[in-house]
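For reference, the structure discussed in these notes is given below.
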Amino acid sequence: MRRMSCIQDMALRAKRRIPAFAWGYLDGGSGEEGGLRRNRDRLEAVLLKPRFCTGVRPDTSAALFDVTYAQPFGIAPVGMGGLMWPGADLALAALAKAGGIPMVASTVSSTALEDIAQAAGGNAWFQLYASRQPRINRDLMDRAWAAGIRVMAVTVDVPLAGDRRRDVRNRFILPFRPGLRFAWDVATHPAWALATLRHGSPGFPNLARYSGDVDGQTLTAFISSQIKDDLSWDDIRDIRQTWPGKLLVKGILAPENAAQALAIGADGVWVSNHGGRQQDSAPAAIDALAAVRSVVAGDAMLVMDSGLRSGEDMARARVMGADFVFAGRPFYYGAAAGGAAGAARAVELLSADLKRILAQLGCPSWRDLDRRWLWDGRDSPEKPG
Ligand SMILES: Cc1cc2nc3c(=O)[nH]c(=O)nc-3n(C[C@H](O)[C@H](O)[C@H](O)COP(=O)(O)O)c2cc1C
């Protein structure tokens, strides 16, 4: 694992190690993948100003909702994590506990939220996809609370499934008809195939109980039929009133949506374009972050994800206004590249890189990092002539 020096190296190895349909599902974006590319391009355009000889040794810890985490980043909710590597969710939950970072269990995770909560100690959060049936939403929230989870993110940016063309090309769609190509894909990735055989193919344990006793394919169809495609702020208000813990609204890009989320009593806003998986024409999350910052004030928290691949990217997000950041693919690239050890390496790389960039910037802590570190060109000397 130590030979992998960055998240991109882990992604390259992951791509070789898992079947093409699993890789396409993990790595892909929607449409022509403009949203995916834009996240990276716009992040790379954010330049930071280093200041040396400040005599500081940086502190990377960050406080969020009365908890001080060892790092200012967490593991974003990722559905079907077991597809990328069997046991990935639990390996990451254990790392969240050991490393003092939050991990968000998805409604459609392939590990039960109760099991993630147990493995993550107090560091598990829950992500809710609102169902058409209020009783399912209520039950999921009751279960999360009973499992000791105190922070929930309700995701609002999936009114319909994204246009995931890689999944269509790989025939990773319903009705799922495994053919020769699928068999070849699995057979040529023996480590993944064996691990999956040992573990069983990934399901949707959080939701299985609501669909009755059905096969995996029917369960997947049931879940798709549950997407609440007419979600409104009244629904989010109901969820706010039901959930006794801290609430974030995830998937916000428009400042006016951020204001609405706070108006119905959310404790924070999670800026995200779902890692470029929902809208080809979506703005880069880093640009939306800067716009949303202006409407999030006081105690409300501003969280961001989408495209972050290094501690340096996280510092860019901090300078543009994030209180805390998340990443999705990086941790699952790690797990796909090397199981539990690969996942641990991803956390280690991000933590080390964050420490390095704070030192490079001469910034004493994540808390202190702000727009003073943005290189906006105004410090450049006038060009002669
Ligand atoms: C494979 C995969 C599955 C995802 N599943 C969910 C999910 O179940 N719920 C959710 O709110 N977001 C989901 N997301 C979005 C992530 O929570 C996060 O917003 C995104 O991955 C951030 O971008 P990044 O992967 O570039 O870090 C998923 C992302 C990926 C890559």
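Cβ atoms are placed via backbone N, Cα and C, with glycine included.
All annotation found in TrEMBL is predicted automatically rather than curated by experts.
Note that the coordinates shown come from a computational prediction; the quantities given were computed from them, not determined experimentally.
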Of the candidates Arg164, Arg165, Arg237, the one that TrEMBL places in the glyoxylate site of Tyr25, Tyr129, His274, Arg277: Arg164
Fewest other C-beta atoms within 10 angstroms, as judged across Pro77, Gly79, Gly307, which are the binding-site residues: Gly79
Per DSSP, three-state class assigned to Arg277 (glyoxylate binding site): coil
Spatial neighbours of Arg329 (FMN binding site), counting only the recorded positions Tyr129, Arg164, His274, Arg277 and Cα distances within 10 Å: none
Which binding-site residues sit within 10 Å of His274 (active site, proton acceptor) - Cα, from Gln127, Tyr129, Lys250, Arg309: Lys250
Binding residues Tyr25, Tyr129, Arg164, His274, Arg277 (glyoxylate) - maximum C-alpha distance in whole Å: 19
Arg329 (FMN binding site) - helix vs strand vs coil (DSSP): helix
